[in-house]
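*Asks:* In case it's useful when we look at the structure, here is the feature table from Swiss-Prot:
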{"type": "ACT_SITE", "residues": "D307", "note": "active site, proton acceptor"}
{"type": "BINDING", "residues": "K21, S22, R26, S165, Q166, D307, K334", "note": "3-phosphoshikimate binding site"}
{"type": "BINDING", "residues": "K21, G92, R120, Q166, R338, R379, K405", "note": "phosphoenolpyruvate binding site"}
Amino acid sequence: MLAYKISPSSISGSVCVPPSKSHTLRAIFLASIAQGTSTIYNALTSPDSEAMIQACEQLGAKIQKKSSFLEITGTPHLSLPPNTIINAGSSGIVFRFFTALAAIFSEKVTITGSSQLQRRPIAPLIHALENFGATFSYEGAPYTLSFTVSGPISSGYTEVSGDDSQYASALAMACSLAEGPFSFTIVNPKERPWFDLTLWWLEQLAMPYSQSGDTYSFLGKSRPRTFSYTVGGDFSSAAFLAAAALLSKSPHPTYLNDLNSNDAQGDKELFYLLQKLGADITFENDSVIVFSSTFSGGNIDMDPFIDALPILAVLCCFATSPSHLYNARGAKDKESDRIIAITEELQKMGACIQPCHNGLLINPSPLYGASMHSHNDHRIAMALSVAAMNASGDSIIHDTECVKKTFPNFIQALNSLHANVQEHHEHISMRAANSRQDLVRQGFC
């Protein structure tokens with residue numbers, strides 16, 4: 001296990017943002033079910049990408065890893081061998097997409113994955129697939145891994161919960177591929193930008209659908225065309241670097257490169273929100289330029305950029321006014337319960353933060369170095385790293401291996417911008433800073 005030891009730091013300079021995980025995984029999946037050869041440049045290298053590649057190879061896709069791109073020849077006949085076992089690793093997208101994909105086949109397919117996936121909900125997607133005729137059997141408790149899917153689904157109509165956008169994204173993929181027609185309505189749609197990203201891919205690859213309000217219809221039997229695509233930078237990952245730059249004491253700007261302002265990624269909206277709150281952020285060509293600046297807090301609807309909750313919580317600790325992050329129910333079902341995880345860890349640093357109904361209440365307060373835990377969640381680990389860079393005293397963050405999920409070179413990127421972050425194995429020990437209780441007694445919070 002790895003740990004980060006972080007000293008107070010200011011950053012500036014220029015850095016390339018890692019490729020988008022959301023685009024990478026969708027591109028690999030769609031190239032693998034296309035009839036022909038596609039090329040994906042600048043794909044993210046991560047455990048989730050590898051889980052998607054391995055699952056797609058079981059479909060019969062031929063995937064070659066070249067020096068700067070993936071060359072993928074899709075399976076000519078969409079099928080799986082009998083009794084196939086798909087291991088989704090820790091990837092929510094692989095988990096949901098292949099659960100839905102398995103339902104289009106007559107062969108039984110078993111879906112399994114890491115212990116972390118056990119806490120990721122799947123029941124709403126399963127209910128929708130059952131309404132189309134799929135059946136499920138479980139090794140343990142219902143709606144938990146591992147389970148076996150038996151199809152094929154047949155034409156019809158269903159509803160699917162919108163609490164997590166991946167349910168609708170997975171269903172859209174299955175309904176496009178299976179023999180239709182199909183239609184479904186998203187009930188109480190959340191995380192809308194991420195479902196829109198899936199629809200963007202369907203449109204780019206000539207996979208037809210129609211929309212009426214929150215109801216989507218698919219003719220079925222549609223395979224994507226082949227394509228050549230360059231994955232742009234990940235706005236979700238860029239948010240951590242942008243936050244570090246905003247809080248920096250440096251008078252010099254930080255350039256975040258490979259970010260296209262026309263990209264369909266949902267977390268791009270976070271940057272526009274920060275601008276409205278007063279942050280000095282500008283888009284220029286394919287870069288985002290960030291200057292150290294003050295910004296206000298506010299009442300912030302988290303649904304459009306739910307993955308940004310941990311780093312926004314950190315930023316709100318340094319805002320000029322209190323903040324209420326609301327409509328964040330989806331953050332409870334990610335790699336960790338992010339509402340609880342970020343609260344527990346920032347409180348160790350002295351933050352005045354508390355959970356409220358599906359959200360957070362945060363009063364600005366100074367932060368102090370502490371010993372913290374990532375909760376095995378990449379976004380918690382990176383958010384705490386930014387907090388630690390702007391705290392008084394050194395901090396240590398345990399179990400940071402998870403950061404490789406989306407930002408494999410996170411430490412290298414920070415240190416290239418003059419941060420003071422060291423990566424160590426877990427035998428490193430250090431005296432933690434004062435506990436939150438001590439800080440409360442001293443009147444800091």
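The backbone N, Cα and C atoms fix where each Cβ goes, and this holds for glycine too.
Explain the structural surroundings of these features, please.
*Replies:* For D307 (active site, proton acceptor), the same-chain residues 6+ apart in sequence whose C-beta sits under 8 angstroms from its C-beta are S236, D267, A331, K334, R379. Mapped onto three states, the DSSP output places D307 (active site, proton acceptor) in helix.
R26 (3-phosphoshikimate binding site) carries a helical DSSP state (H, G or I). In sequence order, I93, L197, T198, W201 constitute the residues six or more apart from R26 (3-phosphoshikimate binding site) in its chain with CB-CB distances below 8 Å.
Cβ neighbour count for Q166 (3-phosphoshikimate binding site) (all protein chains, 10 Å cutoff from its Cβ): 24.
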*Asks:* Which value in Å gives the longest Cα to Cα span across the 3-phosphoshikimate site residues K21, S22, R26, S165, Q166, D307, K334 as recorded?
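*Replies:* Per the listed residues, the maximum Cα distance equals 19 Å.
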*Asks:* About how far apart, in whole Å, are the alpha carbons (Cα) of R120 (phosphoenolpyruvate binding site) and K21 (3-phosphoshikimate binding site)?
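*Replies:* Cα of R120 (phosphoenolpyruvate binding site) to Cα of K21 (3-phosphoshikimate binding site) measures 18 Å after rounding.
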*Asks:* Just the number: how many Å between the Cα atoms of K405 (phosphoenolpyruvate binding site) and K21 (3-phosphoshikimate binding site)?
*Replies:* 9
*Asks:* Could you state the whole-number distance in Å separating the C-alpha atoms of Q166 (3-phosphoshikimate binding site) and G92 (phosphoenolpyruvate binding site)?
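*Replies:* Distance between the two Cα atoms comes out at 8 Å.
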*Asks:* Residues with Cβ closer than 8 Å to the Cβ of S165 (3-phosphoshikimate binding site), same chain and 6+ apart in sequence?
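*Replies:* Listed in sequence order: P189, K190, E191, R192, P193, W194, F195, T198.
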